[in-house]
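All remarks here apply to the structure that follows.
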Amino acid sequence: MSVEHATPVQQPAHAAASVRPVMILAGGTGGHIFPGLAVAKVLRARGVPVTWLGADGAMETRLVPQHAIQIDTLAISGLRGKGIVKLLGAPVRVMRAVRAAGFVLRKRQPRAVISFGGFAAGPGGLAARLLGVPLLVHEQNRAPGMTNKVLSRFARRVLTGFPGSFAGEEAVGNPVREEIAALPAPATRLIGRGGPVRLLVLGGSQGARALNNAVPAALAALGHPAVDVRHQCGEKLRAEAEAAYAQAAVNASVEPFIADMAAAYAWADLVVCRAGASTLAEVCAAGVGSVLVPFAAAVDDHQTRNAEYLVSAEAAVLLKQDGTLAVRLQQVLQTLLADPARRLAMAQAARTLAKPDAAERIADIILQEAGNGKSGMGNGQSTEQLQEHTVIHQNKRTDQALDAASASLHPIPDSRFPIRTSAGGAQ
């Protein structure tokens, strides 16, 4: 495939053209992409340009350009669950992707690279390491993803959303939207609040069928208590969720998407939701108690690991997704709906876990490492010096696979790289 050249995206007016960018590696899911976008916003506000490396056709190719960030993509996909034939060919595909990523890094000349996870993060991180560009990792979940596990072995700094993911980690938290972090303290919002208990149900962008079925059934079994329900269900499952509430004769506001999540958290007395890293970061930042139902099919059961962190602080209740979910949810709601003091205690416990300045801290650390380079492209060399720099500095612990990737990083005609380039535009 040939390289597609694009007009460079316009950076903010205060970002000097001579300032080298930070490269973000993130994609595949919103859980990887949105933290990267939050950090990109902070960096750009400080006058630091940002460039992005993702995978062909993945979610990031739609989301990132909306923020006026230039994105390059690699022809790479995940390896888990592949057949034996494809797995046998994986090393060759990975080496090609590392080689292509090396070409992108030489072209963009980033001062530092940070991986938030995703298909392209592996090749991009390996190429950064081999070219001597300062590499950082941010892992959102307590159970690390495969890519970040590998990259953590030779990253300059390993940052985490929750403590307990890696030895030598720095638990900086997961970035959240400013308006959520700015919400008043739980006591200010909840003490003295009258009327029905306000129950916020979050199924995520794709919705959660288990919650669509269990919440209406649990509320109906409780004899229709004084509860106001606001249920975010995703567009695809909206009709299904509305039908479930109608069948249970439970009044609820069913919405495919909630644009103002800060207002939704401020409204809520209790949240029922999945246990993705970004959602839990928001629940903690807002300061609201929660009933967590981890997605049963999540890779490495990482949502359960995330939920256990809040449960250990008495900020949440954990319910396993199985055939008895509705019955157990009924029992939990029966207790919590009748106990405002416990709901407040859970909300306050959640708030103590919050790290509202996570995006700022991550940006600080990136720029610290960008100024601490000793070799390669991350050491503040001029563009002319970078163009002349062809020696790849390798660590003695680099294994044979990295050696092979290193050998493939020497300049090759553009037409041999499976790369796509697009310029983001403000929309």
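For all residues, glycine too, the Cβ spot is worked out from N, Cα and C.
Record features (Swiss-Prot):
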{"type": "BINDING", "residues": "Thr29, Gly30, Gly31, Asn141, Arg177, Ser205, Ile258, Gln303", "note": "UDP-N-acetyl-alpha-D-glucosamine binding site"}
{"type": "REGION", "residues": "408-427", "note": "region 'Disordered'"}
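What Swiss-Prot annotates, mapped onto the structure for a quick look.
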residue: Thr29; record: UDP-N-acetyl-alpha-D-glucosamine binding site; CB count, 10 Å: 18
residue: Gly30; record: UDP-N-acetyl-alpha-D-glucosamine binding site; CB count, 10 Å: 16
residue: Gly31; record: UDP-N-acetyl-alpha-D-glucosamine binding site; CB count, 10 Å: 22
residue: Asn141; record: UDP-N-acetyl-alpha-D-glucosamine binding site; CB count, 10 Å: 26
residue: Arg177; record: UDP-N-acetyl-alpha-D-glucosamine binding site; CB count, 10 Å: 18
residue: Ser205; record: UDP-N-acetyl-alpha-D-glucosamine binding site; CB count, 10 Å: 12
residue: Ile258; record: UDP-N-acetyl-alpha-D-glucosamine binding site; CB count, 10 Å: 15
residue: Gln303; record: UDP-N-acetyl-alpha-D-glucosamine binding site; CB count, 10 Å: 27
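Here UDP-N-acetyl-alpha-D-glucosamine is bound by Thr29, Gly30, Gly31, Asn141, Arg177, Ser205, Ile258, Gln303 per the record. The longest Cα to Cα distance in that group is 24 Å.
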